[in-house]
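Chemist: Sharing a structure with you now.
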Amino acid sequence: MVTGIVFHEEYLKHEQSPTHPERRERLAYTMDQLREEGIFESERIVLLEPFKASLEDVLEVHTEEYVRFLEMESKKGGIIDFDTNIPVGVFDRALLAAGGAIRAAQAVLNKECENAFAMIRPPGHHAKPYIGAGFCYLNNMAIMVKWLLKQGFERIAILDWDAHHGDGTQEIFYNDDRVLFISTHQMPLYPGTGYPEECGTGKGEGYTVNIPLPPGTGDEGYMMVIDEIIEPVVNEFKPQFIAISAGQDNHFTDPITSLALTARGYAEMMRRAVAMAEKHCDGRLVAVLEGGYSVEGALPYTNLGIIAAMAGFDLSAIREPENYLPELLWRKRDSALVKLKHNIEDVKRVHSKYWKCFK
């Protein structure tokens with residue numbers, strides 16, 4: 001199995017401030033770790049060069065007014081909200097990030113690789129058609145999925161496992177029955193959306209599946225969600241392409257969330273996603289980097305685990321350094337599983353009228 005990795009040094013130049021959670025070290029430390037592990041020397045890994053997304057592709061998702069605003073503000077610097085500034089030059093870097101997602105999908109379709117990981121920034125899943133938010137400017141995932149729809153795909157499944165609900169992606173596909181949007185996210189947490197009752201409108205009713213996770217949810221809880229919700233729905237939907245919004249802020253060392261996933265947990269989630277892609281879509285799968293702010297304690301190891309699972313490497317050695325593990329004992333809560341079981345039943349109740357697997 002060959003896995004493509006999209007990366008460009010330009011992604012390291014985006015910076016709101018040196019102390020902002022979404023800073024260059026998120027990717028810089030990861031790339032150092034991947035090089036140290038010899039990932040790029042493997043015949044199973046191919047490095048892919050991104051290109052800038054075209055305005056035509058961006059306008060499939062975002063309004064012309066917002067795109068014009070972002071382009072103009074990017075020339076002098078500006079602000080969207082209290083945690084999302086517009087640094088000088090961000091428009092071109094956001095285009096390169098969105099184009100990186102498209103490049104990953106293109107490589108899979110062209111059979112340059114079986115699957116691909118777009119290691120891009122700035123992230124995108126909070127960006128809505130008319131405005132950016134939550135460190136995001138352009139919705140990379142939505143732009144890629146719209147591009148795939150134009151290639152003729154009729155059923156695409158998005159799995160967003162970022163700790164924060166992908167409200168932008170949800171809004172963009174909320175009334176579209178061609179796109180199954182599944183989100184697992186901590187609740188309560190920014191942006192305050194993603195309740196089970198948010199399940200789509202019009203033709204898209206039933207095609208948005210939100211699974212709130214209690215603080216303290218760890219590997220066992222995530223596997224329970226895959227077993228009881230995600231796999232049954234995906235099996236019934238039968239996607240032709242699977243896209244992963246691969247946020248990594250659900251790690252137990254992340255400074256702005258309260259979940260307890262481990263690097264091995266990420267690897268196992270991706271292994272399960274790859275298996276679903278092999279079952280339904282000839283292996284076609286693209287992961288797109290979203291959040292994740294533990295630049296030393298998590299990202300180098302979680303990204304390694306994700307790539308190892310995508311490329312079919314042995315996962316037995318995927319783990320964090322032992323000095324980080326005491327924080328896992330502090331973060332993980334057994335009570336979270338009890339609450340999660342109730343949440344899972346709520347999701348099944350809401351979606352029982354849409355999916356046979358829950359009847």
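Any Cβ shown, glycine's included, is placed from N, Cα and C.
These figures come from a predicted structure and were not determined experimentally.
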Chemist: Could you look at Asp81, Asp249, Asp254 and say which one Swiss-Prot places alongside Asp162, His164 in the Zn(2+) site?
Modeler: Asp249
Chemist: Let me make sure I understand the structure: which of the recorded positions listed (His126, His164) has the fewest other Cβ atoms within 10 A of its Cβ?
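Modeler: Candidates: the recorded positions His126, His164. Fewest Cβ atoms within 10 Å: His126.
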Chemist: Take the mean position of the Cβ atoms of Asp162, His164, Asp249, the recorded Zn(2+) site. Which other residues of that chain put their Cβ within 8 Å of it?
Modeler: Ala163, His185, Gln186, Gly247, Gln248, Asn250, Thr257, Glu290, Gly291, Gly292
